[in-house]
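Visitor: Submitted below is the structure of interest, expressed as structure tokens.
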Amino acid sequence: MHVISLSLSSIFFFLFLTSTILISPVQPTTSKPPAPRPHRELSADYYSKKCPQLETLVGSVTSQRFKEVPISAPATIRLFFHDCFVEGCDGSILIETKKGSKKLAEREAYENKELREEGFDSIIKAKALVESHCPSLVSCSDILAIAARDFIHLAGGPYYQVKKGRWDGKRSTAKNVPPNIPRSNSTVDQLIKLFASKGLTVEELVVLSGSHTIGFAHCKNFLGRLYDYKGTKRPDPSLDQRLLKELRMSCPFSGGSSGVVLPLDATTPFVFDNGYFTGLGTNMGLLGSDQALFLDPRTKPIALEMARDKQKFLKAFGDAMDKMGSIGVKRGKRHGEIRTDCRVFL
């Protein structure tokens, strides 16, 4: 999300008005990206001899970034999700398009235009520090996985062991992004199909959506819900009327809101908790794809359970992140590489 041209005063104004309350506009998935490979290919102690201080090094960067640039947390978590869902968890999202090249890298895709620089910067800084201690040994994809976990934990979420041993991918193509990233108006059918193509269950779909507890969205991603829901020229009937009025104040129908972002969980936007799910229970979901989880009989019971039991959600989220982190893992020189600069192939 390329944001916060939103002022602090307008954030607090929005939070004051809404006592209750990772995103792009739908397109079903057609490709068949790699499903998770067995965890035997990854291990928590993969670098125990090669770079035993790895997690301490990455942690020193993430803790500093969290204090100085808190938006780095949701930005990096979203970056990890977008990486894993396209080519697998291989750091391909970090590649920059070569100057003058017509072959655009993943990060140039429309669906990735709102990925914030704070997320990329966090990984670049962590990689530079790791390289100074363990040159050419640690993949960018492993650093991204560790950093995402760190930010989740720093924000109040679960601490889980990150299995490591990923190699960085050798390709990054913008055209592969659209069918593999959920949209802000995706239907539950589309979401279930997409997540299933990655080897993830309906429960894991709902649980991983809980990362929106510290997420933000641009007005354009939910403007249709406010003014012209599915071409009716009316707002989404599932939207709480108080919230509708407040959102229209922040996001006018035309002009003046291109840089405005609003929290997906306005009660605790920088705390990783189950507030996202309690918001859905009172029709305070900002995105149509979020609120849909509370309207569909396949997903509503899971969302209700997560809203009722914070600890159960946190445990389930850590487990789901662990599983997601094994999607499309690359191993060995035939399939991958260990980049020294996360932005360019070797």
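For all residues, glycine too, the Cβ spot is worked out from N, Cα and C.
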Visitor: Pick from CYS51, CYS84, CYS219: which one does Swiss-Prot say forms the disulfide with CYS134?
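Guide: Disulfide pairing in Swiss-Prot: CYS134 with CYS51.
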Visitor: ASP265, THR268, ASP273 bind Ca(2+) 2 according to Swiss-Prot; which of THR213, THR232, THR299 goes with them?
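Guide: Swiss-Prot lists ASP265, THR268, ASP273 binding Ca(2+) 2, and from THR213, THR232, THR299 it also lists THR213.
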Visitor: CYS89, CYS140, CYS219: which one closes the disulfide with CYS342 in Swiss-Prot?
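Guide: According to Swiss-Prot, the disulfide partner of CYS342 among CYS89, CYS140, CYS219 is CYS140.
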Visitor: CYS89 (disulfide bond): which of the recorded positions HIS82, ASN185, CYS219, CYS342 have a C-alpha within 10 angstroms of it?
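Guide: Within 10 Å of CYS89 (disulfide bond): HIS82.
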Visitor: Just give me the nearest neighbour of PRO182 (substrate binding site) among the recorded positions ARG78, HIS82, CYS134, CYS219, CYS251, Cα to Cα.
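Guide: When the Cα distances are compared, HIS82 comes out closest.
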Visitor: When the Cα-Cα distance from CYS84 (disulfide bond) is computed for each of the disulfide-bonded residues CYS140, CYS219, CYS251, which gives the smallest value?
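Guide: Result: the closest of the disulfide-bonded residues to CYS84 (disulfide bond) is CYS140.
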Visitor: Among the disulfide-bonded residues CYS134, CYS219, point out the residue whose Cβ has the most other Cβ atoms within 10 Å, with all shown protein chains included in the count.
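Guide: Most Cβ neighbours within 10 Å: CYS219.
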Visitor: What's the CA to CA span in angstrom from CYS140 (disulfide bond) over to CYS219 (disulfide bond)?
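Guide: Between the alpha carbons of CYS140 (disulfide bond) and CYS219 (disulfide bond) there are 32 Å.
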